[in-house]
Ligand code: G4P
Ligand code: NA
Ligand code: NA
């Protein structure tokens with residue numbers, strides 16, 4: 001997606017530890033025009049999937065998620081993150097480990113909002129190790145629903161998440177794919 005790629009080139013800042021800071025349009029300040037274009041692009045990429053529900057995770061997945069949901073005309077659900085949890089019967093729970101933050105979170109979705117037969121498109125802002133996306137996919141399975149695809153705004157292709165999701169059989173579409181953040185420089189997969 002060319003508009004997004006230009007944003008990354010012009011505004012992305014490469015930090016220590018292979019982290020790309022995109023606070024000016026995705027993770028802190030948000031660019032609504034870009035977000036709308038992201039929603040439209042995901043809608044085109046997953047047009048044939050019969051999606052009934054978009055699923056993301058708070059907080060940075062919500063903006064691309066809601067724009068995609070708006071375009072498809074379906075609801076958005078965002079999973080909540082909780083430090084630790086007393087189990088209750090009315091929520092789906094999966095544990096997700098963040099290598100970046102070196103901590104585990106329980107992610108939860110109310111059983112009210114995903115049902116057997118739902119066709120769920122997972123959307124998230126970043127794909128690194130794939131922990132968040134695969135945790136969301138496990139919640140969809142718990143619900144007896146189907147994952148029809150995973151849409152990612154920025155894929156860090158040099159980390160294992162993308163291959164892991166493909167190996168698990170998911171249809172993965174990433175709007176930009178980053179091959180390397182070495183030497184403070186962003187290199188895309190197709191250059
Ligand atoms: P994973 O889900 O792919 O395994 O990712 P990981 O645990 O490594 O990432 C933890 C958090 O850091 C996630 O956000 C993820 O989106 C974000 N992240 C990973 N790599 C980068 C990067 O290079 N740049 C930026 N800006 N973020 C990155 P989160 O903790 O869920 O936070 P948020 O959604 O509330 O922002
Ligand atoms: Na994030
Ligand atoms: Na996220």
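Sequential numbering from 1, following the chain as shown.
Note that Cβ sites are derived from N, Cα and C of the backbone, with glycine treated the same way.
The annotation xanthine binding site is assigned in TrEMBL to 20, 27, 156. For residue 156 (xanthine binding site), the count of additional Cβ atoms within 10 Å of its Cβ stands at 22 [all protein chains shown].
The domain 'Phosphoribosyltransferase' annotation in TrEMBL covers 35-157. On the 0 to 100 pLDDT scale, the domain 'Phosphoribosyltransferase' (35-157) averages 95 in this prediction.
Annotated 5-phospho-alpha-D-ribose 1-diphosphate binding site per TrEMBL: 128, 129, 130, 131, 132, in sequence order. Within the same chain, residues at least 6 positions away in sequence whose Cβ sits under 8 Å from that of residue 132 (5-phospho-alpha-D-ribose 1-diphosphate binding site) are 57, 96, 98, 107, 124.
Least packed by the Cβ count within 10 Å, out of the binding-site residues 20, 128, is 20.
Following the DSSP three-state reduction, the secondary structure of residue 20 (xanthine binding site) is strand. Classification of residue 132 (5-phospho-alpha-D-ribose 1-diphosphate binding site) by DSSP places it within a helix.
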